[in-house]
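**Student:** Mind having a look at this structure? Questions to follow.
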Amino acid sequence: MALSLLLLCLLALSALAYVLARGKAFKSAGGDIRLLHSLPGYYGWNGALTVALPSLVVLVLWLGIQPAVIDNSVASMISDHAAGESNVGLVMSDVRRIADGLDLAVESGAMTEDYAGSIHADLTDVRGRLGSLGVALGSEVTQEKMRAAQAYRSMTATGNWMRTGVVLLLAFVGLAISYRRADKDFRARNFVEQVVKGILISAALIAILTTVGIVFSLIFNTVEFFKLYPATDFFFGTTWTPSFGGGSDLGILPLMWATLYISFIALAVAVPVGLFAAIYLSEYAGSTVRSVAKPLLEVLAGIPTIVYGLFALLTVGPLLVEAFGEGGILGLGWMKGGTAVMTAGLVMGIMLIPFVSSLSDDIINAVPQAMRDGSLGLGATHSETVKQVILPAALPGIVGAILLAASRAIGETMIVVLGAGAAARLSLNPFDAMTTVTAKIVSQLTGDADFASPEALVAFALGMTLFVITLGLNIFALYIVRKYREQYD
Amino acid sequence: MTDTSLAPASSTPGSRSRSLLELDPHTKKRNAAEARFRVYGIVAIGIGLFFLVALLYSILSNGLTAFYQTSVTLEVPLVQTEIDAAEKSVVKTSKYRDMIAAVLVQKMEQAGVATSMKSKELLQILSAGAPGTLRDHVLSHPEQIGTTATFDFLASSRVDGYLKGRVTRAALAEDKNLSAAHLDIIDQLVEKGIVEKGFNWNFIFGSDASDSRPEQAGIGVSMIGSLFMMLVVLVLSLPIGVAASIYLEEFAPKNRWTDLIEVNISNLAAVPSIVFGILGLSAFIQFAHLPQSAPLVGGLVLTLMTLPTIIISTRASLKSVPPSIRDAALGIGASKMQSVFHHVLPLAMPGILTGTIIGLAQALGETAPLLLIGMVGFIASEFPDGVFDGFLAPNSAMPAQIYEWAKRADPAFYERAWGGIIILLVFLMIMNIVAIILRRRFERRW
Amino acid sequence: MSSFSGLARATDPIDQNKATAMENVKIAAEKVQVFYGETHAIKDVSIDIRARTVTAFIGPSGCGKSTFLRCLNRMNDTIDICRVEGRIAIDNEDIYDPKVDPVQLRAKVGMVFQKPNPFPKSIYDNIAYGPRIHGLVRRKSELDDIVASSLQKAGLWEEVKDRLDSPGTGLSGGQQQRLCIARAIAVSPEVILMDEPCSALDPIATAKVEELIDELRENYTIVIVTHSMQQAARVSQRTAFFHLGNLVEVGDTQDIFTNPVDKRTQDYITGRFG
């Protein structure tokens, strides 16, 4: 039975359970709603949930597990000889494609089910026949692959039948149980609420699952990478010259250097501007200035990073070249092309201004008014109050905000991809083009490399490094900010 | 009374007593420092606003031209025999090209524009896609064969750039396709009204075009891609986010587990988006074998990215509902669950929706994860057929399309990229305005 | 005019004449009006505050006594919507004169707030803050002296002399309030304004602060806003009763409490409202 049909069946059964359970409970109370423990709707929901939940859970698990099980047992059919020419994964994807092709052929009536099951690759031009149906097969279809594909199909078919059977059985059992339980004394509301609570909890767990997913996807591939490329060379190598032909140097240091350099420039722009803007807005500005300037600054935060990337590539870069490039206005000749550490850093700084200013604004506002009064009451000027009382009091929070901004800068991708350049370089000149960790993650994974080469896998190691650094910064920063908030709560 | 005691009180060192009306030099210095400090603040805000203006100026000045496109108006007689001959030939569009060339030469003669150029050379002023346009029209309107149809063929991107001031005559010296002689012709054709600029609907609703035809490129297809992605994000992140927030805010006991979840969520909100891209690549594509470049996968990745934002804002709006409301419901015998779903949640809804819209706006502009799941690097030229295809067929998305254009070699695509940004920002602006209106309209102060 | 004003003007004959005429008035307020936006918070208040006396402002909450107090060192300037009219003179100088710098004024008129508000710095730095910003000292030893003497005057020296480097926020509530008083004294003001200084303290700490106020009276003009009539009776020599933004009655504390002229004052001190 097709999946959609099965789902429809479940829906219908749930609806049926709702009606039946509600009706029976109502009847058991002699039609008097006051005698019921819960509102009639709860009995209905109790029925519907008892039918739908277990069967859906089993269905989802089944969908996840069945392909893996079948893959495994089919893969064991493939001899080492066949796998020897490439790897098992590639053979398996061929097998799957043949199986899909046969499915399509049967569906469109080009083959009968029996024929598809018994077709012999050595005797028939399977590739040609499937090709005429629009299924392109990469390599020649050997009899071994054909047998595997046929086994794959038959196992899938059996699995699907069993799946339908089990799921429907569960649904009917659920129906029976809920019908039997639907009685005026049954605490339907409590039951339904427990189930709802379970759903809420699983939603909250998705956050955890995401983190686990991130960690696993990074670790798994990073370990693969370190099997192919020594970790010490990766962490301490000073050259980055990937070549997909092999023999690459994949040292992270030049990338790390550019990342930190750009982040430093970005913070050098964003922190003073953002901090002074926040101080002015929260301590000096009248309500009209505040109500205009604050949202305007925050517009900068709402602009997607791709826009900043383009701004860096097409506006800021050329402008900087005009000033600092060869034959530029300043006649310095420091800059060779528009993409440079300075370009990316400057634009990233602009992006971070509202981030720093709104975080600092919150933090400065959290300093109690009593502190200001105390200082002003002693005859301090406003700026003395800010510099000597408010900022020291807010310092931990502001440090936290700056760390969060730094973590943003380190993880920022689009601006550096477009604005920083593509060559990895260890240089002190901020007008040189360099490339960063994030930019290389993008370039190593958007190429057509297969996931088995160190040149592609290195992206996961880079990602892992990035994740660990930003996570450390975030946890530390959030801890500081939280501690700071508690101080004044 | 001690009032009579007149002993001097100023015994502490450094005490100065003088008239308040005179400013002592130290105070003057301090006031100057105060004024300087204030100026720093104003300068900082000035810098911030200057950058905003510079950014908007460069977007608008570079992007607005994308909404206008130069076209050449030609009347092409659709002759049955010519069309039959064209359809029989191997390279079908070449015959159509000849038809257009003939019309163009004729039209120029009529208009009195003299040239020594060969027709093939002359055709460089038209888009390379012009023959295709003609052929598509003929095939879809066979009833018009035998008549003369009027076409607005797109001019080539160089011509378009010349009329928009992007391409100068000096720059053309290097160009092998177009020469200054072409531009003389263009100038005369513009005078005769044969070459005109018109509003570029194709840019908004059309599909991307290949590297050599920037004049045909449009953002419509990737807009659809973004739309399907946003559907996925909305349908998944709103219910999951709200459910998770309700649990954490209303039901969760205070223990290590819930602490862990909370720390987790605030950290996820700060994880670089590229890391979510890596997650999407390995979880959805490498592991779950979902199709590459599909809006469904993009939507899933963006959902995971948006969830923390939505959870944080939803919890804030749940928190802002005063406890007295919960107590009132519990006090008349409602269960905890009922008090939450009947009272707290509806009251928090405007805040939740506002947060969701802002989260969606963020997701709409996000680019980095889309690069990793393969939504760039190809030409998104076909509209999906049907809803199913919309989710699963390879497509681009607005920000990915902008990135794609920014990476292409022909500078004519830069104009498209800026124009795409204008469209993207318009969407973001609308979403934010809706969020602000929602907040203003329904915000309750307790 | 008292000799607080020092030598600079002792030679000024006009000033001296005025001083004798005004007897011993430190602060003179005439027809003071205060507006918060549209709200008329203080209506037509005129009062003379005598030097080296403790003057208590009493009245029900919201009567404007704190607002008026904050006018005396222009702390209301920090509130955007607040507007003050009328004349307030200290030593016969209008403190709302455009030439007056509120910073200098506040050095002369110190203030202690309702809730103890030590800065999140060490005890030493809390006290040293005022002298430092006003540039009162040239050497570290001078600063040490000021810190020590201020703490001594505030009766806190014995309790904290061994831990001057520990944070001021670590002290108990009563100690914190005395620290704030010491902090105010350190800039050697002539007037100290106290806005309900004991409302956040327990009875024992309150008693200590009241004792301190009584000692400070020798050298400073003190204005204290208080909720508690008992406290007013205990610490003050003069009492002013505010009601709904009006100054209802002002006189010697004893007279006010035993023999009030106005019906409203009588009602308030007998506990009919408030």
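Note: Cβ is positioned from N, Cα and C throughout, glycine not excepted.
In case it helps, TrEMBL gives these features for our protein:
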- A:1-17: signal peptide (SIGNAL)
- A:45-65: transmembrane segment (TRANSMEM)
- A:161-179: transmembrane segment (TRANSMEM)
- A:199-220: transmembrane segment (TRANSMEM)
- A:256-477: domain 'ABC transmembrane type-1' (DOMAIN)
- A:260-281: transmembrane segment (TRANSMEM)
- A:301-321: transmembrane segment (TRANSMEM)
- A:333-356: transmembrane segment (TRANSMEM)
- A:389-406: transmembrane segment (TRANSMEM)
- A:456-481: transmembrane segment (TRANSMEM)
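Each of these features: where is it, how hidden is it, and who are its neighbours?
**Tutor:** Here the signal peptide (A:1-17) has long-range neighbours at 44, 47-52, 55-56, 59, 160-161, 163-164, 167-168, 171-172, 174-175, 178-179, meaning same-chain residues at least 6 beyond its ends whose C-beta is under 8 angstroms from one of its own.
Beyond the ends of the transmembrane segment (A:45-65), by six or more residues, the same chain brings 6, 10-11, 13-18, 20-22, 159, 163, 166-168, 170-171, 174-175, 177-179, 181-182, 186, 188, 191-192, 195 to within a C-beta distance below 8 angstroms of the stretch.
Same-chain residues lying 6+ beyond the ends of the transmembrane segment (A:260-281) with a Cβ under 8 Å from its Cβ atoms: 289-290, 293-294, 297, 341-342, 344-346, 348-358, 360-361, 364, 386, 398, 402, 405-406, 409-410, 416, 420, 430, 434, 436.
Distant neighbours of the transmembrane segment (A:301-321): 328, 335, 337-340, 342-344, 346-348, 350-351, 354-355, 358, 412-415, 417-419, 431; these residues of the same chain sit at least 6 beyond its ends, with a Cβ under 8 Å from one of its Cβ atoms.
Only residues 6 or more beyond the boundaries of the transmembrane segment (A:333-356), in the same chain, are considered here, and those with a CB under 8 A from a CB of the stretch are 258, 261-271, 273-275, 277-278, 297-301, 303, 305, 308-309, 311-313, 316-318, 320-321, 324-327, 401-402, 404-405, 408-409, 412, 415-416, 418-422, 429-434, 436.
With a threshold of 8 Å between CB atoms, the same-chain residues lying at least 6 positions outside the transmembrane segment (A:389-406) that come near it are 263, 267, 270-271, 274-275, 283, 352, 355-356, 359-360, 363-364, 366-367, 371-372, 374-375, 380, 473-474, 476-481, 483-485.
Long-range contacts of the transmembrane segment (A:456-481) within the same chain, counting only residues at least 6 positions beyond its ends with a Cβ under 8 Å from a Cβ of the stretch, are 214-215, 217-219, 221-222, 224-226, 228-229, 234, 242, 250, 252, 255-256, 363, 396-397, 399-401, 403-404, 406-407, 410-411, 437-438, 440-441, 444-445, 447, 449-450.
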**Student:** Determine which residues of the chain contact the transmembrane segment (A:161-179) at the Cβ level, with the cut-off under 8 Å and only residues 6 or more beyond its ends counted.
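**Tutor:** Answer is 1, 6, 9-10, 13-14, 16-17, 20-21, 24, 46-47, 50-55, 58-59, 62-63, 66.
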